[in-house]
Structure formats: structure tokens, C-alpha cells
């Protein structure tokens, strides 16, 4: 019979569950236990939801857990879920689990006009980040992902905006980019770049040098916040953030005060003094704060009225507990919570609101924070839920209330027991009941309980039968009864034949190199034919058998064969015959002989004979024996062993060794022990077999001879002292009723001992002072009296955490990866325990890392300095030191900030040869992952390594531009193999090299050639492209605007242009750009699309021919009219107008789209390439085609060129190509 149990929730998912787009699936966990096994169901947004019926979900049998795969339809599953686990006894529920599917945040596509200001004026660049899953982190960077430098004049506000208190000409740039990072969904989005143009002050033109008068000086004005005062409300425990950013010239300074009080010690000034932070605000932080911005021309102020509210989410003060109660008792289910505002408490029974649940008991009394069940009955058994909520959160707890009635027997029914005649057996019957039960056992053939000295019923319900007889076989019944009913189980006892070795192995003396054989035949109960096992031991260690001669051992038909014996095989071999209920063992000695005669070779001695106890004096006796034959090797000693026949029958232990020339020994014995003795003889060959044991001899009970040893004093809690000791062994008790007296007193404070008598071997002293010395002694006694007076030992009460931090922490920078830290040791009175040592925690300060680089170094012992290795060069660190004891760490010291010196950088990443020509190789690389300093350039080395023994000289090129990421290596030999090395360099030196190998080609490859145009409505343009080029097809109608195709992969040789209209003339241009050296090639063709055909051959219809003639006549008339009009008015033709003036819709490059994403806002655009054309202005992008020919151009939002081309419809290709060996 199994104990019925109410359902209990074991595992559930935490809330909220954020569905990150990069995760493959999301598991909604709900696991419960109970008996019978619970069944599961779910609700979603309060409505029934069956995950087993939705084929898109993955479920498991017997489990409430289901998995939502990330297959693109996650929004269908957004909502609030709750799991119910039910069986016939009741229902347990989980808290509501909120499944949130966040939208990928994006900045809107927008065109931002350049901001033009005069030098000295203030500027605000707005970020306006999109909404997303917090936390949100904002960074201002350039297109090259370099941080915008911030200081007292330029800083970012809490809202993400970038503020310039006064603009300088160096602030002019076109690539101010705001990046919004959402680390929880691993997404970074970028806003359209903004352009700032700072014009020189009007006063500047009248002076030859820049002075402060050139900028309009003025008193400060707050850019944020607006107005004169702000009201701020916080919840207790939140961080207070107050910000003031001002404009003016000279740049204003910001001061902070708390009106009528001083700023708290934990207040921090950040962002160059513009941000006041008070972490974890308390009630005392309530009040009025003021920020003041001032410069030599005046000042301005702003007041913050801060209110700290004691808002708290619900928290358990007393969580409802599961209870097992007797029938008829009063049951109190208490649910006490705290929170602000006060939480609302609601009750459920088996998942249903108590108001809507069926009333199973007229004696239920429901109060706000408790339920009382008067005179509970079994029908009150259920799962009770208490749910508390306020506007800050919700908590829920399940309490299993089980009202017991009739007894429940936990032990399985009809269990089978086996026993050996003459041994003992225990039949189990574990009972669980309330009210308590009486337990009785009976035989199947009798209703009366079993009786007799061989039968014992223990308190746990088990029946023990001593010295089993054949007549004890059969069925037994265990009956448990109380006032509510009874339960019973049966147990079957079977008597088995004992296992006996009938053909034991015999001692052998075998010549070396021959085969030894030991036989072992056993008799056992036939019912164990499948469970019977025989194995062998050598000198007490199991012999591993693999059934091959390689192991040296073979077993066949119960015979152990030892192949090719050597002296290492000599020893004692034991055969063990085992069944599930008993075993028998027999042993034999193997002696390996050399080439001498068997009769002359020494052997182990024979066992001693005729053992006899004499001179019995209570706890002392004299043992005598007759030595056996020593077999040509003198007996060196005798080993006396004893057996405690009452407590450990069959377990022989050594008690004494005496010289081999003695044949008797005086023995000191323990009290209240039933002894048997035996003796072994030892010579140079080995030990003899044991002698036959003596008759049993029982010593009288006496007081203990000794007190406990190995006393340990520990303090796991500050106000407790744990005393543990090694208990006396049963044989050391010397009599019944052993117990221990624990005595203790505070050293030097108390004169009298505190004493407690216990039977266990541990004691806990409560309410002690923290870490003070105590004197302790443990005194043993039994019914016969006390042991000798114990020794007094000293120990300490429980430790607490150290209360003080090390002072005077100083850092001495040794090199760029190690520092030496020193401190003043914590005074011993502040340690509050045994000093374990000191811990040093260096923490790296990183701007863009979401997890700080922090690790702990432990230095044991009392010391005042330590060497901290493994730091990163050129990094800002903060460091704290703390003491620790066995209780834990003490408080940390004040943080010490330091910076490691500059080091050499890591190797450049992604170094590769991207375009290999006959005499040149184009190289590309990326910055090192860790620069360890400020990069000053790169070192390029190369040498020829053709497949010969000699290599060419190592040539070196210094690349002084640290922003370089490409290089065109020229003047190489054709069809030659080169080894290339690239190192990044700082001011300290150059780091390890990234290497690459390449072989120059046989012929140079040219730029693409435009082949032609084919097709009709869907036209195709074809070309031949180098792999380092990217091609586009451009189309435009006559007099229309240019349109751009998607970028075309260099491996393609044609592109289909769709959506053309029949009977229309188009100009098609192909533009290909080599991204290595920025050279470009543009080719142009003119095409006309044919007229669309009409079903049935419309060109053959007479009405169609007439219509075309009429159109031709009308066109001729209009042409003549235009010609006459031109001659009269002196106008010029459309064609000439287009040649003289490019299309007004063709604009220059739009600066504010310079660093937008290409179709994806989540990945920043890489830095654009630099042009080497001398015609391109330095202020323009290297990718611009504004200065190409006579046309103007611009970049659209994905970064591709969409400039318009004017001029002739047919023109030759134009190339713009850099010269010389320069950075690509």
C-alpha cells in the first residue's frame, strides 16, 4: 500500500519569461509530485489552454512542462500562464508566468538636417532611443566606433541626448551616431548619423589669433532640467539620480547641496559633476536638493524636491505551511504578508477561489490572514493557496493540508523474505497514522499474535525473528489499528538451506613455472541457482578474471588454475561461495618452490594447538598453547586474535603480538565482553592458519577505562559552540548504560562549570558570546560508575564576520600586468574569529562591457601585502581588500583606483590577402581585439618563401596611420609564394604577428567590361567582373529620374531589370568599384523596349496600320510647329538644356545618411573606405561620387550610391584610380 499524497509543485518557470529572438526554444516548466500521480492543465490569460492539442508545442507524457519552439510565431503565445496539478485529493497551482515576446527595437528612418551653430553656442543632439526590454544603455560614437570624448563641456544626459555647453570648431563632424544597446536581447541599434557644423565667430575675423573674446561670453543657463524646480518620487531602496547640465561660456561648473542638511556620505558625483547619485535611498534622503551652475558671468539654480516612499512588493511574514493533522483537531492555516501599500490577501482551495469553491465543511472560518478548520475531518484534506498582491507584485504559496484517519502502512504488501536456518530475519511494517496505531503480527494459521522469546515487535512496527527454525516458514500478517479503522499487509517468509563449501581448496607447494590448481565445490539452496556466485581472493583482494591465459588465472568447473606460477603468486587464496542471503569462505596457502628438494624447502608454520585459558582474574587472563611445526623456518612471533561473540560474531581482531620463543601471554580484557581467542604463528615464509578457537569467556561489567578522544570545538553560528567527540567503541563501554557528561565554562570569566549529560557524541552550547575562549571536558560513565577524571581542553565559541576593513590600502604598479598591494592589518579584536587571511578583489572598469571583469584573489595567513598578477595593460581598475575568517568575508576597504601602463597589443584580427594580382597583393585586417594602449600604426613584413631551402630577405613597411585596415603591396614577383606578417604597434612596441601566405598570379585581372543588353520587358545587362568589384545596374526613363538596383554579387555576369514599360527608351549604366584601391569604372548603354504584342497579331490589322499613320502625321505636324517656334523665340532645345544644366533633382551627398545601417538597424555600418582621388575634397566621404565627371550623387539609407548622371547617352568608360603604394 502506498501513502496517498496531495499534489506539490516541485518546479515552475520564473516570471517574467522574456522570449529573446536568439534562443531556439522556451520551456514553460511545471513539475509536481503526489500520489496518485498528478494530472496537469494550463490556463492562458484566465482561459483554458491545452498545450497537448497544439501541434506547434513540444510536450512530455506525465509532465506539465511544454516547450515553445522559436519558429517565427512566438507572438501567438504571448500572455499570462498558470499551471494546475491535480489528483483525487486536491489541486496545486503555480504563480502566474508572464511570457513576453519583445519587439526588436528600431530607430525610425528619418532625414536629419545638419545642425549649424556659431562657435560658443550650445548644441543638443537628441537620441530619442526606441523602447525595448530594459536595461537600456546608450553610447555616442563615430562611424568608426570611436567614442565621442566627453568632459565638462560635452556630456551625455540621462535621457541619452548629447549636450554641448558651448560648441567649438573641433566639434564639427558629420558622423555623430547614437547607439542604443539592449543587452537582455543582445541587440544594438543605431540612429541616423547627425552632422554638426560650427561656424567661426564673427569676432574671429577681426583678430589674427584665437582668443576668448572671439566667442560670445555669457552666464550659465540650464539645458536640463527645465524650469526652476522638479518633484521626484522614489521607492525606498531605489537609486536617486539628479542631473543638471548647463550651457554658457566659459563652461559652467556644477555644485550640489542638500538644503538644510549635508549630502550623505554615500552620495556620488558622476558625469563630471553633472549627475548626483545616492544609491539605495532611505527615509533620511527625503528633502530638498539644489544644483547650481556658475561661471564668472553669473549663476543659475534648480531645486529638486525628493520624496522617498516606503513602497514594497508583497513579502512573506509567515508563509502558509503544509500540515498533517489528526482527525477532530483544529487546524490553523496562517498567511501573513507585509508590503506597502498593504497587500490584498485572497484564498483558494484546490485552485478555486474560496468564494466559488464548494463548501466541504460547515466549520470553515475564513479571516484576512488565516483559515481555521474546527474539528477537522478527512473531507477538509485539500491544497490551500494564499495569494497576496499589491501594485508592486504578487506572491503565491501552496499549503497541503492532510487530515489523517485510518492507518496507512507504507511498506509494500506481499513482500518476500528469505532467511537461513539458525540466523535471524526482520519483517518490515512501517505505519503512518493519526491517531496513533497499535501494531500486531500473526501467522496465517492463527488469529493470535505471535509470541515467544524468539519474536520481537519493534516500535517501528517491524517483526524480528531470532534463530530461525524450519517451522517458521509461511505467511505473516501485520495489522495496524486506531480509532478510525485498521490496515493490514502480509509478508512471506521462506527458509533457505545454508551455503556450504564441501570441497575446499587445500594448501599446496608448487615448483616455479608449473600450474597450480585449487578446487572449490559448494552446496547451496536450489532456488538460488541463478543468483549463486563463486569468486576468488588472493591475500584478501578479489582476483580479476578475463577467461584467458594472459591474466595468469583460469576458472573452470569450480577449479582455479594459476598458469606458470612465480614467486609473486605465492600467498593465501580464498574461495567465496555467495547467495543473496549468506556466504561461505574457505582458504588455502600457495607456496612456490625453487629447484631444491621439496622436503628441504622451508614452509609456513603449522597452526598452534591446544589453546587454553587459565588464571582467570575477571578482566585479565592467561592464554597458553603448544606451537606447531615451523617447517625449517624459525617462528618469529605469535599473533593473538579475539572475537566478540555477542556483538560481532565472525569478526576476528588482533589483540597482541608476542615473540616466537613464548607459548603463553597475559591478556588485559574489556568488561562486559564475550571473548573467544585464537593464535597464528609467523615465520620468514608467512603466517600459519589460525588455531582452533577457545571456548567463550565473558568478562564482568566495570566502569569505562577511558574518556572520549579527538574532541572538536567548532562554531558554525556567531552565538553557538558545537562540541563533538569521537565516541567510545562498543567494546570500550565496559558495561551497559554508557553516557557522557559535558562540562564547560568561559575561560577567565566563570568559576562554576555548566554540566549536561547526553548519550550522543555531540552537544551544542547556545547563547554564547561571539568568539570567546571556553574550557571543556567530557566525562564518560556507565551503570558501573565513572571513567577517570578527563583532561580539560580549550576551544572558542562561534565566529562572526569580521567587523572592520583593512586601512591604508595602497597600490604600487610593478609593470603593465602586475601591481603590489599593501594595507594595514585588521586588529584582532575586529576579526571576531580565527583569521583566515585576506582577499583582494581587482575590478576592471569597462565602458561597453555589460559584465565587469572581476575576480577574487585569496592570500591566507596574517599579512599586509600581496602581489596581484594577470592584469590587463592600459586598463582602469578599482581594488578593494577584505579580511576573512571561517565564517566568511568582512567588509571591503575603500576602493583604490589605479591604471596599468600601456603594453604591446594583441595580433591584428582577420588578417588576409583579399586580391592577389601578378605584381601586387591587396591586404586587409582589423584592429586587435585588445589594443593594450593607443595604437600608433602597424608593421608589415614580408619575404619570398618559394619551395627552396633559401628564403628571400625580410622586408618591412611601417604603416603610421592607426586607422588603416587595408594596404596594397606592390612590386612583387609573379608566380611567387610570399609569407606576410602584420603587427599592431603602440608607443611601447609592436605585438605578436598575424601571418598569411599567398602566391602571386600569372596575369593581371582587369576591371569589368560591360558586354551588352538583351531581353525585352525584363531586360538583362551582362558584364565580366573581377572578384574585387561590386556591380550595379542603373536605369532611367528619358527625362526621368535615375533608379538604382540592389548591389550585385561579383560572381554574377548578368542582372535582370524588371518593370520596364514597352515602347520606351532607357539609358542603362553599370558602375563597378574596386573596394581595395577605390578605383571605379562606369559604362553606359542606350536601349529601347519593344511594343507589347497583342493576341492574334495586332500589327496585321488594318485599323492598327491606319492608327499608326495618323499618329505619325500628328507627330510630324508638332515637330514643324516646334521648329518654327524656336526660330521665332530664340529658345534652345531640351537636349542642350540638359547638357548645360544637370537635373535639379540631382543633389550632393546627404551627410545625415552617412552611417546608417544597410537594411538592418541592429548592426552598425563599418567604416567607409578612403578615396585616393585628388579631385575629392578632404571633407567628403571617400565613397562619394560627387566629384565624378559633371554629375552629382548621394547615398540612400542602405549606404549604396544613388547619384544621378547627366550628359550624353553614350559615353566612354571613366576610371578613377589611386597611384603609389599607400594605405587602401
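Any Cβ shown, glycine's included, is placed from N, Cα and C.
If you check TrEMBL, you get these features:
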type	residues	note
DOMAIN	7-94	domain 'Ig-like'
DOMAIN	102-195	domain 'Ig-like'
DOMAIN	220-307	domain 'Ig-like'
DOMAIN	314-402	domain 'Ig-like'
DOMAIN	407-494	domain 'Ig-like'
DOMAIN	498-586	domain 'Ig-like'
DOMAIN	607-702	domain 'Fibronectin type-III'
REGION	687-710	region 'Disordered'
DOMAIN	707-800	domain 'Fibronectin type-III'
DOMAIN	805-903	domain 'Fibronectin type-III'
DOMAIN	907-1004	domain 'Fibronectin type-III'
TRANSMEM	1103-1124	transmembrane segment
REGION	1137-1206	region 'Disordered'
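For the domain 'Ig-like' (498-586), residue counts in helix, strand and coil come to 9 helix, 43 strand, 37 coil, using DSSP. Using the rule of three or more Cβ pairs under 8 Å, pairs at least 6 apart in sequence, the domain 'Fibronectin type-III' (805-903) is in contact with the domain 'Ig-like' (102-195). If you look at the region 'Disordered' (687-710), the same-chain residues 6 or more away from its ends with a CB under 8 A from one of its CBs are 507, 572, 587, 589, 604-609, 611-613, 616, 618-619, 621, 623, 625, 628, 639, 641, 643, 645-646, 652, 669-681, 725-728, 732-736, 738, 740, 761, 778-788, 790-791.
Against the domain 'Ig-like' (102-195), the recorded stretches 7-94, 220-307, 407-494, 498-586 differ in Cβ pairs under 8 Å, and the greatest number is found for 220-307. Per-class residue totals from DSSP over the domain 'Ig-like' (7-94), listed helix then strand then coil: 7 helix, 46 strand, 35 coil. When pLDDT values are averaged over the domain 'Ig-like' (498-586), the model yields 88.
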